[in-house]
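Below you'll find the structure, written out as C-alpha coordinates, and then a few comments.
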Amino acid sequence: MTSAVPATSLILWLAVALGGALGALARYSVSIAWMPAQLKFPVATLTVNVLGSFLMGVFYVVIVEKAMLAPVWRHVIMIGFLGAFTTFSTFSIESLHLWQSGHWQIAISYVVANVVLSISAVVVAIVLTEKLV
(Lines of atoms letter the chains of each structure in order from A and count residues from 1; the text may use other names and numbers.)
(Lines give C-alpha, C1' and ligand atoms only; values in the text may rest on other atoms or scores of the structure.)
Protein backbone atom coordinates (compact mmCIF):
# COMPACT_ATOMS: atom_id res chain seq x y z
CA MET A 1 0.00 0.00 0.00
CA THR A 2 1.47 3.32 -1.05
CA SER A 3 0.53 6.56 0.65
CA ALA A 4 0.93 9.82 -1.17
CA VAL A 5 2.86 12.62 0.51
CA PRO A 6 0.83 15.83 0.49
CA ALA A 7 2.34 18.50 -1.76
CA THR A 8 2.67 20.96 1.12
CA SER A 9 4.56 18.39 3.16
CA LEU A 10 6.94 17.73 0.27
CA ILE A 11 7.47 21.46 -0.21
CA LEU A 12 8.40 21.85 3.46
CA TRP A 13 10.85 18.93 3.25
CA LEU A 14 12.45 20.52 0.19
CA ALA A 15 12.53 23.91 1.93
CA VAL A 16 14.44 22.42 4.87
CA ALA A 17 16.78 20.55 2.51
CA LEU A 18 17.55 23.68 0.48
CA GLY A 19 18.12 25.80 3.58
CA GLY A 20 20.19 23.05 5.18
CA ALA A 21 22.44 22.68 2.13
CA LEU A 22 23.06 26.43 1.99
CA GLY A 23 23.64 26.60 5.76
CA ALA A 24 26.15 23.76 5.63
CA LEU A 25 28.04 25.46 2.81
CA ALA A 26 28.07 28.75 4.72
CA ARG A 27 29.30 26.94 7.84
CA TYR A 28 32.09 25.26 5.88
CA SER A 29 33.07 28.62 4.34
CA VAL A 30 33.51 30.15 7.80
CA SER A 31 35.69 27.18 8.82
CA ILE A 32 37.88 27.65 5.76
CA ALA A 33 38.15 31.39 6.38
CA TRP A 34 39.45 30.82 9.93
CA MET A 35 41.66 27.82 9.03
CA PRO A 36 44.86 29.81 8.30
CA ALA A 37 44.75 31.36 11.79
CA GLN A 38 45.56 28.01 13.49
CA LEU A 39 44.22 29.24 16.82
CA LYS A 40 43.81 27.06 19.91
CA PHE A 41 40.48 28.77 20.56
CA PRO A 42 37.80 27.50 18.10
CA VAL A 43 36.82 30.90 16.73
CA ALA A 44 35.00 29.56 13.66
CA THR A 45 32.48 27.59 15.70
CA LEU A 46 31.97 30.43 18.15
CA THR A 47 31.42 32.79 15.22
CA VAL A 48 28.75 30.66 13.54
CA ASN A 49 26.97 29.94 16.81
CA VAL A 50 26.78 33.60 17.86
CA LEU A 51 25.95 34.88 14.36
CA GLY A 52 23.42 32.10 13.87
CA SER A 53 21.80 32.89 17.21
CA PHE A 54 21.56 36.56 16.27
CA LEU A 55 19.98 35.70 12.93
CA MET A 56 17.60 33.28 14.65
CA GLY A 57 16.40 36.17 16.81
CA VAL A 58 15.92 38.42 13.78
CA PHE A 59 13.99 35.82 11.80
CA TYR A 60 11.96 34.78 14.83
CA VAL A 61 10.54 38.29 14.93
CA VAL A 62 10.20 38.66 11.15
CA ILE A 63 8.67 35.24 10.44
CA VAL A 64 7.03 34.05 13.66
CA GLU A 65 6.00 37.19 15.55
CA LYS A 66 5.30 39.65 12.71
CA ALA A 67 4.51 37.17 9.89
CA MET A 68 6.35 39.40 7.40
CA LEU A 69 7.41 36.37 5.34
CA ALA A 70 5.43 33.31 4.32
CA PRO A 71 5.59 30.45 6.85
CA VAL A 72 7.63 28.31 4.44
CA TRP A 73 10.56 30.67 5.09
CA ARG A 74 10.67 29.42 8.68
CA HIS A 75 11.56 26.02 7.24
CA VAL A 76 14.10 27.40 4.77
CA ILE A 77 15.85 29.86 7.10
CA MET A 78 15.28 28.90 10.72
CA ILE A 79 15.13 25.10 10.50
CA GLY A 80 17.24 24.46 7.40
CA PHE A 81 19.82 27.22 7.00
CA LEU A 82 20.41 28.17 10.64
CA GLY A 83 20.07 24.57 11.80
CA ALA A 84 22.93 23.57 9.51
CA PHE A 85 24.92 26.79 9.97
CA THR A 86 25.13 26.62 13.76
CA THR A 87 26.74 23.61 15.34
CA PHE A 88 26.25 22.26 18.83
CA SER A 89 27.97 18.95 18.07
CA THR A 90 31.19 20.59 16.85
CA PHE A 91 31.10 22.92 19.86
CA SER A 92 30.78 19.87 22.13
CA ILE A 93 33.67 17.89 20.63
CA GLU A 94 35.93 20.95 20.48
CA SER A 95 35.23 21.63 24.16
CA LEU A 96 36.05 18.03 25.05
CA HIS A 97 39.28 18.06 23.00
CA LEU A 98 40.42 21.28 24.66
CA TRP A 99 39.74 19.78 28.10
CA GLN A 100 41.43 16.45 27.33
CA SER A 101 44.51 18.14 25.88
CA GLY A 102 45.07 20.01 29.14
CA HIS A 103 43.69 23.35 27.97
CA TRP A 104 40.94 23.34 30.59
CA GLN A 105 40.96 27.12 31.00
CA ILE A 106 40.38 27.60 27.28
CA ALA A 107 37.70 24.88 27.36
CA ILE A 108 35.81 26.58 30.18
CA SER A 109 36.06 30.01 28.58
CA TYR A 110 34.92 28.52 25.26
CA VAL A 111 31.85 26.91 26.82
CA VAL A 112 30.94 30.07 28.73
CA ALA A 113 31.53 32.27 25.67
CA ASN A 114 29.33 30.09 23.44
CA VAL A 115 26.44 29.96 25.87
CA VAL A 116 26.54 33.57 27.09
CA LEU A 117 27.24 35.18 23.71
CA SER A 118 24.74 33.04 21.80
CA ILE A 119 21.89 33.67 24.22
CA SER A 120 22.80 37.36 24.39
CA ALA A 121 22.82 37.52 20.59
CA VAL A 122 19.28 36.12 20.41
CA VAL A 123 18.04 38.59 23.01
CA VAL A 124 19.71 41.59 21.36
CA ALA A 125 18.44 40.55 17.92
CA ILE A 126 14.86 40.15 19.13
CA VAL A 127 14.87 43.50 20.94
CA LEU A 128 16.45 45.36 18.00
CA THR A 129 14.28 43.72 15.37
CA GLU A 130 11.08 44.37 17.31
CA LYS A 131 12.03 48.05 17.47
CA LEU A 132 13.01 48.27 13.79
CA VAL A 133 10.14 46.42 12.09
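Glycine too: its Cβ is placed from the backbone N, Cα and C atoms.
Sequence-distant contacts of the transmembrane segment (5-25), counting only residues of its own chain at least 6 positions beyond either end whose CB sits under 8 Å from a CB of the stretch, comprise 72-73, 75-77, 79-85. Residues or ranges marked as transmembrane segment in Swiss-Prot (evidence: sequence analysis): 5-25 (among others).
As annotated by Swiss-Prot, transmembrane segment applies to 43-63 (among others).
Beyond its flanks by at least six residues, the transmembrane segment (76-96) meets 15-24, 26-27, 42, 45-46, 48-49, 51-53, 55-56, 59-60, 63, 107, 110-111, 114 of its own chain at Cβ-Cβ distances under 8 Å. Sequence annotations record features per position, and here Swiss-Prot assigns transmembrane segment to 76-96 (among others).
Following the DSSP three-state reduction, the secondary structure of T86 (Na(+) binding site) is coil. Residues or ranges marked as Na(+) binding site in Swiss-Prot: G83, T86.
A Cβ distance under 8 Å defines the sequence-distant neighbours of the transmembrane segment (108-128), meaning residues of its chain 6+ beyond its ends; these are 41-42, 45-46, 49-58, 60-61, 91, 94-95, 98. The transmembrane segment annotation in Swiss-Prot covers 108-128 (among others) and rests on sequence analysis.
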Tertiary neighbours of G83 (Na(+) binding site) (same chain, Cβ under 8 Å, six or more apart): V16, G19, G20, G23
